[in-house]
């Protein structure tokens, strides 16, 4: 298949687990306590949307253990969170409470907590378990090789920075998950190159036997949230081990970054790809851009794993969004990424009309198990 094709399938890479048309080994992370966290009455972020998604999955019989493995996430420890975030920021998140925040106004301003990113009851537990913990657990499942696809709809809060909260997110779980994936997933050319150099036909080479230039662990991060994935891009802007690709609204729109000219720095130059889009873009126009770009990226970069941030605020009718994607069009991106037969981590993200978020993510669970579909609340 032509890698630049904009057809319905992807340019499938070799996979020991299955062919493109086969079932995937899927794991899904969820904890019923997730829906109890509350940003505030008038705040657009509603963690309850993840519970709604779970209930919809249950209603359609998609939580059957024969279809996918359902797991409760392990909380991330301080050391895990400090793998990316600064020690003082993590310590502040651990210590601050709604009762003590007024005594810490200087730190609140320093770490950007306030109306956008409020201090609520159980904030640190929320960050440990349902944001970072679930995404780290999902990445570890992919690293173990027992699953082809891992899902954490409570993750994907892609705006958080090393030392500050941003865009309703406190911990950047996507960055932490990518760090976890980088421990194991390597470009497929490494083994082929080393075999040629060592003239070994059957035994994979050890890492220390390979020339340094051929050892390159790579992860591709793709973001289909209506907002630019600025926190993830910033974290990896100087490395070629992670390529970030973001499709988003740009100009006079939060977070104000993601210019097409932003391409990374130093060793990361040209490994950052921004695709700014106009408001109102529909399914057909979106796919005519998304599929050729991703096909070429996959052909040239050949990652060992993919992280797909599935922000549902790019859907038509979202409370904060401005795109005009249908549930079917949004799910087509997931289906397309699935077709490459590369370990795939699906994360949530934005999405503020919660009934649409639940329908969207439930539909996308259908798309990753098999290429078939079901009807969900009038959505195909």
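From the backbone N, Cα and C atoms, a Cβ is placed for every residue, glycine too.
Taken from TrEMBL as is:
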type	residues	note
ACT_SITE	159	active site, proton acceptor
BINDING	225, 227, 313	divalent metal cation binding site
DOMAIN	43-189	domain 'Histone deacetylase'
DOMAIN	216-365	domain 'Histone deacetylase'
Cβ-Cβ neighbours of the residue listed as 'active site, proton acceptor' (radius 10 Å): 28
Least buried by Cβ count (within 10 Å) of the binding-site residues 225, 313: 313
Alpha-carbon spacing, residue 313 (divalent metal cation binding site) to the residue listed as 'active site, proton acceptor', which is rounded to whole Å: 14
Residues in the domain 'Histone deacetylase' (216-365) grouped by DSSP into helix, strand and remaining coil: 55 helix, 30 strand, 65 coil
Listed in sequence order, residues not in 225, 227, 313 with Cβ within 8 Å of the centre of the divalent metal cation site Cβ atoms: 226, 248, 311, 314, 320, 321, 349, 350, 351
